[in-house]
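Swiss-Prot has this to say about the protein:
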SIGNAL    1-22  signal peptide
TOPO_DOM  23-815  topological domain 'Extracellular'
CARBOHYD  ASN54  N-linked glycosylation site
CARBOHYD  ASN108  N-linked glycosylation site
CARBOHYD  ASN183  N-linked glycosylation site
CARBOHYD  ASN398  N-linked glycosylation site
CARBOHYD  ASN407  N-linked glycosylation site
DOMAIN    532-609  domain 'IPT/TIG 1'
DOMAIN    612-686  domain 'IPT/TIG 2'
CARBOHYD  ASN637  N-linked glycosylation site
CARBOHYD  ASN658  N-linked glycosylation site
CARBOHYD  ASN706  N-linked glycosylation site
DOMAIN    715-796  domain 'IPT/TIG 3'
CARBOHYD  ASN716  N-linked glycosylation site
CARBOHYD  ASN763  N-linked glycosylation site
CARBOHYD  ASN774  N-linked glycosylation site
CARBOHYD  ASN809  N-linked glycosylation site
TRANSMEM  816-836  transmembrane segment
TOPO_DOM  837-912  topological domain 'Cytoplasmic'
Amino acid sequence: MKLKHLTIFLFIFIYRFLFVKSDCYLINNERPETKITKIRCDDQVISILLNPNNRTDATLEKDTDGKFYFDVVNFPYKDRLCDYTYDIYFLPEIPSLPSVPTIGGSVNFTYNYPCTSVYGRIKPLNIANKIVTPYNINLDQFTMRIQPGCGDLIINSGSRVIYNASYQTGDIPNKPTIDDQGNITIQGSNLYNTQIKINSNDPVENLNPTGNLDSTHSTIVFSLPESQYQGNWTIDVTICDVFYKSYLYTFLPIITVMEGVLNDNGGNLTFTGDHLSVNPSTTISGHFGGKPISCFAGTSKSVICSIPSRSEYGGSGYDVPLNVTIGKYTTNTIKISYDLPLIQGVSQRGTSQIFNVSGVYFSGVISMTIITGANIKTNILKKPTPTLEEPGFFIESNNTIFIFLPNNTQPGFMNLIVGDGGSKSFTSPRYNFKITPTITAGQSFKSNTIGGDLIISGIFMRTVDSDGRDVPLTVKSEPGGPICDPLKDGDGLSFTCVLKSGFGSSHTMNVYYNLLPVGSFVVSYNPPYLASSDQEKDGTIQINGNNLGESVSNSIITVVYLDGSRANGTVVESSHNLLTFQYPAGNKNTASYLFQLGDQISNMAGPFTLKPVIENNNPAVPCGGGMVTINGHYFFNYTKDTTTITIGKVPCNISSINVTTIECVILPNLKSLSPYYTSGSKPLIISSSNSATEKVYQSSITGYSNYTFAPPTITNTSDIDQTALITIYGTSFGDANLEILIDGKPCTQPEINIHTYSSLTCNVTNYDEMLKYNYSNTKFNISISVDGQYFIAQIFQFKYESTISYSENKSSGFPNEMYIGIVAIIIFLALIFFAIKTQVEKYIEERRARKAFRSVDNLRLKLREKHAAEIAKHYSFGYESAPKPNKSYFYDLGKKLSRLPLIRCCFKEHTD
C-alpha cells in the first residue's frame, strides 16, 4: 500500500516539475470547489488559456505588497477563460437563463470559466442527475438542451450548485370538457405532470385516472368508461404536485331520440341518449303523456320503455311527451308520435303551382284538403300523374308529397285525410302555410297618357288572409312615377290594375302582397303625336294631337324654323288631346313643331305659317278723329311704308308698328264725310304690299275686327277742385273740334287721354259764380260735342258740391229762447229772399244760355262748312265725294232749332 502511494507521489512530482511550469499560486490554498477570485504570480506576464484552446499572454499589475496578482473575477474575457492549471480550478458561472417551459428544449446562455486547462475542454453540467455538456454557438454564447420537467430547475457543476431557477408554471384558462365518450380534456400551457382526482356522490371505479399529455404540454386527456360518471362531480386538478383548481360538473341522464316506429299497437321502444347507466340497486321508470310506463335498463346510452297502444293511450297520438327517471335523476322530455301522417313543412317550387310537402308517415295518405279563411275547403285527390290542368298530388316517399294546386287557391291551412289500417280514417293536425301571389315574369303594357285598365297575369291572385279578410295587392313605381290602383279579381289567374294618367317610355311597376314583393311588370306610355294647329286671338297657339299628357312642368315645345334654327315656346296648358303654348319671340312666322313629354318626343308637325291676329275687338276709335291702337300678334314683315289700314273706308295713317301693336291716326272732321262711312259697325282692314306678309287672320274671330265711330258718352265726373278743374269720364272723346258746355257755359282748355279717349279735364268758366251763389247740391247739365256737333253726347247731369264750409258764430247776452227766435226769423226771411232770387237768376241764365247757344251754333255752322271744304280737297271715296252743306233756308232753320236746349234734350242721337 505504501509503495502504491509512493509511486503516485513520484509521478505527480515528476509531472509537475518536468512538464508544468507553475509561476502562479493560490493565495489561501482554496479547495477545488471554492470560488477563486484572485491568484498571485511571480511574473508580470503570464500565459493563460482561452476557449477555444487558444493560449495568450496576460500582463498583470503589481499590488501594494509588490506582488503580481491575476484578478479572475474582473477579467474581461471570463466567459472564455479556462482553468489556469489542473489544481488552480475556476468554478463555472451561469449569470442568467431564459424562462424554460416544461417541455424543456435548447437554451442559449452565457457560460463563465467554461473550460479546463487540459486542451480547453468544456466543463459538463449536472441537471436532475443528468450530465449536460454545453457547446458553443459562438465565442460568447453557449447552448444546452434541458430535459422536460416541472418545478425547480437546479444546475450543478460537480457537487456545487451554480444556478437555481424554476420551469414555467402550468396554466388552465378554460374549464376542462367532458365528451360523451368519457374523455376529460384539459387545455392550457405547461401541463407537465398534471393529475386529476374525481370526487362524486355516486360510486366510481377509479378516482385517479391517468392522463395522456401531448408533446406541447398544452393538452392532456383523461379517459374513463362512460358508465363511471353520473350525478354531481368535483374534479380537483394538480399541476406538478401542486393543487391548481377544482371544477364542478353535473351529469344528468339525457334521451335524444326514439328508435323505430311507434304504431297503433304500441310496444317496447328503445330511446338513445347519454348517462343512462343503471346500477343494480337503482330503480328506473318512465312517463308517457303523463301516464306511468315501464322502462328497463339498457346501456349507458340507451333505455327501453313499454309504450301503450293508441287506443289505450286515448289521445290524438301526436307529440306525446315522454321522460325517464333513473334513481333520483329524471331525463329531459321528448315528444313522440304514433305512425300517423304529419306535415312538417311546405315549400313552393320556384314560382310554380307545385308545392313540396315534407313530413312523416305519408305512405297512407289518400286525400288532401286546403282550408282557407272563412272555412272554404278545396279537396285535392291523389292521382298517378297530376298536372297543372288537372290538379292533384302524388306521394314520392314516406316523407315527401308533391301537390299541384289550382290557380284560384287562396292562402290558408292545409289538412291531410289518410286511411288508418283500412278501418279508420285520421285527420292530421292543420299545417298553416301561405300561398303567395306570383306575377308572371316579362309582362309589359302600352297605354295612352290618359291611362286605362291593365290585366296583370299570374297565379294565386285571389288574395285573402287566413281569417277571410281581403288582402289587397299594392303596386308601386319609382318616386314620381305612374300610379296603378289594383282592383279585386276573382279567377286567380290575373288581377286588374287601373293605370292613372302619366307619361314616359318605361316604368317598372313593382307588385307587393302584404308588403312583400311578388313580381313586377313594365308600363310604357305611347309617345305624343301632333296633328293640326290653330291660332287664338290672345296670340297663343293650340295644337291638336294624341297622348299630349297633362303635365305642363314636364312639357317642352320646340319651334323649328325653316333654316333649321330652333327656339322653345312656353307651354301654357296641356291635355291629352290639346296643347296650348306661346310662340317664342322673334320675326319668323313659318316653322314646324316638336313636342317633348318627359323622355318621349313627338313627330314633327308642320310647317305652319302664323297669320297676324287682331286681339282687341273694340279699340278706342275717336269719334272725331285721333289715335287708334290695334293690339294683336304676329304682324311679321308689316312696315309703315307697305301697310295700309282702313276702318270702313276711312283711312287710318300708321304712326308706329311692331309685331304685336299698330298705332294709326284718323284725321279729324269726320262730319265732312258721308254718314255711310262713319255710322254703324265698320270693318278694320289691314293690307300690305309686301309679298312676305300674311293676310290678317280673321276667319275664326267673328266680329272681332269691326269698329264703330260711336258718339261720346259721359258716365261720371269728379268734383270741381279749387282751381275750377273738373275731370269728365266716358267713352269716344274725340279730339277734333271738341267743345264742352257746363250749364250752357264752355269748359275751356280740355285735355284728353288720347290713348283711351275715356277721360278729359277742363276748367269751369262759371266757377266763381258757383262759389258766389253757393249752388250746393244743384244739378248742372254737361254736354260734349265733337267735330262741329256731328258727334254730340247725351246731356249728363251732376250735382255741384261746394268746397266752402261755414262756421256758426256764438255770442252771449241773449237768452236762448230769444236767440232761437231771431235765428228762425232770419232763416225764414232768407229762404223767401233766395227763392225770389233763384227764380230771377234762372230766368236771366236761361236767356243768356239761349243767346250763347245761338252764337255757338252760328260759329259751328261756319266751321263745319270750312272743314268739309278742306276734307273734300284731300279725300274722295269711290264715286262719292265729301258731302257739302245744305244751303236751303229750311235746312239751316231746322239745324238751328235742333241746337236749342229744349229741343235738343228730346233727342237721344243727332243725325243729319
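Backbone N, Cα and C define each Cβ position, glycine as well.
Sequence features, as recorded in Swiss-Prot, placed on the structure.
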{"residue": "ASN54", "record": "N-linked glycosylation site", "contacts (Cβ under 8 Å, 6+ apart)": "GLY120"}
{"residue": "ASN108", "record": "N-linked glycosylation site", "contacts (Cβ under 8 Å, 6+ apart)": "PRO98, ILE137, GLN141, PHE142, THR143"}
{"residue": "ASN183", "record": "N-linked glycosylation site", "contacts (Cβ under 8 Å, 6+ apart)": "VAL221, PHE222, SER223, LEU224"}
{"residue": "ASN398", "record": "N-linked glycosylation site", "contacts (Cβ under 8 Å, 6+ apart)": "VAL360, TYR361, PHE362, SER363"}
{"residue": "ASN658", "record": "N-linked glycosylation site", "contacts (Cβ under 8 Å, 6+ apart)": "PHE635"}
{"residue": "ASN716", "record": "N-linked glycosylation site", "contacts (Cβ under 8 Å, 6+ apart)": "ILE728, TYR729, GLY730"}
{"residue": "ASN763", "record": "N-linked glycosylation site", "contacts (Cβ under 8 Å, 6+ apart)": "THR723, ALA724, LEU725, ILE726, CYS747, THR748, GLN749"}
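Every protein chain shown contributes to the tally, and the Cβ of ASN637 (N-linked glycosylation site) ends up with 17 other Cβ atoms within 10 Å. Between the CA atoms of ASN637 (N-linked glycosylation site) and ASN407 (N-linked glycosylation site) there is a gap of 72 Å. Take the CB of ASN407 (N-linked glycosylation site) and look out to 10 A: across all protein chains shown you find 16 other CB atoms. Residue counts for the domain 'IPT/TIG 1' (532-609) under DSSP, helix first, then strand, then coil, are 0 helix, 46 strand, 32 coil. Computed over the topological domain 'Cytoplasmic' (837-912), the whole-number mean pLDDT of the model equals 47.
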